[in-house]
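Visitor: There's a structure below that I have some questions on.
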Amino acid sequence: MKTELSQAELSLQFEYMKRVRELLAQRYDHPPLAHVHSYGCQANVAEGERIQGMLAQMGYGFTDSPDDADFILYNTCAIRKGAEDRVFGNVGALQHNKRRRPDMIIALCGCMTQQEQVAARMKRSYPHVDLVFGTHAIHRFPQMVHEVLSSQKRVFHIEETENIIAEGLPIRRDGDFKAWIPIMYGCDNFCTYCIVPYVKGRERSRRPGPILNEVRELAAKGYREFTLLGQNVNSYGKGLDEPVSFASLLRKINEIEGDFRVRFMTSHPKDCTHELIDAIAECDKLCKHIHLPVQCGSDRILKQMNRHYTLQQYRELIDYARKKIPGVSFTSDIIVGFPGETYKDFCETLALIREVEYDSLYTFIYSPREGTRAAQMEDPMPGEEKSRWFQELLETQEQIGIRHNEARVGKVLRVLAEGEAKNKSGWLTGHADNSSIVNFPADQDLIGSFVPVRITRALNWAVEGEPVL
Ligand code: 5AD
Ligand code: SF4
């Protein structure tokens, strides 16, 4: 399977970036501004950074305000209906921007637009949108922008092409000490509730070489945190000319020189191996935290979800990790109200989260997605009932989270100072290696460095402490 973008195609896109720059120089007497917003997961944010990189090469500056922008791009998310509704609302509101500034360009891309029915709705009902392309066409973005600018026509590009990996395109990162590093794209798992395999295409891995180079370059520039991204990082490396395991990629990254830490997501329990857990235990730069989404605590529902593991296997992994990695913390994703789920099934989920004692949970009410298998299943449970379960889940986890935070009082945690704390002047906030949120009083100069913090107080969702300097 050919997956990498050819040198010829890459050069062609650089040529289009140059041509767009020339067109823009004729059109504007100042550098035009772009506003890029990525909805949804970190993989989308990372794609948004690549789009920004290409826009920068085309001569665009950047603005946080859509009202000042000559080019607005929304990189969309389709994971739940709520995410899509938000995008439809925000895109609708852009018609006012277009009226005020008719020569501006409005573009949409990402998981929502890869779905034919969504692209058709954009074409029909949102005439102010100039450019719509799916997840398979990102590497042709410069060519599409050129087409919009030179033809003055609306451009739609959503057909599925080969599942390409594009190395060598420019990147404009949002942060200067934390970086997202996609290591693979797509998903082959087809969990029955999930739209991702339909919109992001087949699973494919980047070669280790370009990944290691990216980390090496950024580490040399002083980056402090890398988060490796993939829908199922545990199956990284399959299908490469020289197959390599995720654990061995982690070990290679760990050898790179520099004062940085490494996170990764998402780990699918069905492919989580002892080899991987051993690597986490042995590599000093890896955070001792595993995001291991269980989704549900009922074997019956896990089967319906097509998750390919049992609770017994899941518990075995947690036990093994606890034995090998002292102090390891876990987080998880939970879906409440999958079709056919009963209160009894849900109580098994509650029992599991009490047993595992996750540090925190990402919790979702099941949202039917057109085209998935679960969307065809009988779903008789009323929404209000699911909302009650959801509330019960939040309350249960809140108690667990508070207990964990209280147990941290008196301990010293290494925290990456990430920015100013909200509503507390003179305070900074950041994540500890175990992924707890830590607030502490400190000078802004420390933003971007690791700070040891002695924890003095537990809050519901965070802890407070004093720097130990
Ligand atoms: N409804 C609710 N939650 C979903 N997720 C994925 N698809 C759906 C859906 N249709 C959740 C899963 C996944 C996380 C990223 O989003 O928990 O792990
Ligand atoms: Fe969706 Fe399952 Fe793939 Fe995750 S592993 S992206 S939940 S299909």
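Glycine too: its Cβ is placed from the backbone N, Cα and C atoms.
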Visitor: According to TrEMBL, Cys41, Cys77 bind [4Fe-4S] cluster 1; which of Cys109, Cys111 is also listed for that site?
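Guide: Between Cys109, Cys111, TrEMBL records just one in the [4Fe-4S] cluster 1 site with Cys41, Cys77, namely Cys111.
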Visitor: Between Cys187 ([4Fe-4S] cluster 2 binding site) and Cys77 ([4Fe-4S] cluster 1 binding site), what is the CA-CA distance rounded to a whole number of Å?
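Guide: Cα-Cα distance, Cys187 ([4Fe-4S] cluster 2 binding site) to Cys77 ([4Fe-4S] cluster 1 binding site): 15 Å.
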Visitor: Sort out for me which one of Cys41, Cys111 has the most neighbouring CB atoms within 10 A, since those are the binding-site residues we care about.
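Guide: Max Cβ neighbours within 10 Å, all protein chains included: Cys111.
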Visitor: Write out how many residues of the domain 'MTTase N-terminal' (32-150) are helix, how many strand and how many coil, based on DSSP.
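Guide: Counts, helix then strand then coil: 65 helix, 23 strand, 31 coil.
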Visitor: Would you list the DSSP helix, strand and coil counts for the residues of the domain 'TRAM' (406-469)?
Guide: 6 helix, 34 strand, 24 coil
Visitor: Can you list which of these binding-site residues (Cys77, Cys111, Cys187, Cys191, Cys194) have a Cβ closer than 6 Å to ligand 1?
Guide: Cys194
Visitor: Enter the number of other CB atoms within 10 angstroms of the CB of Cys77 ([4Fe-4S] cluster 1 binding site).
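Guide: A count of 22.
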Visitor: What three-state class does DSSP give Cys194 ([4Fe-4S] cluster 2 binding site)?
Guide: coil
Visitor: As a test of the contact definition, list every same-chain residue at least 6 positions from Cys194 ([4Fe-4S] cluster 2 binding site) whose Cβ is closer than 8 Å to its Cβ.
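Guide: Listed in sequence order, they are Ile79, Cys187, Arg369, Thr372.
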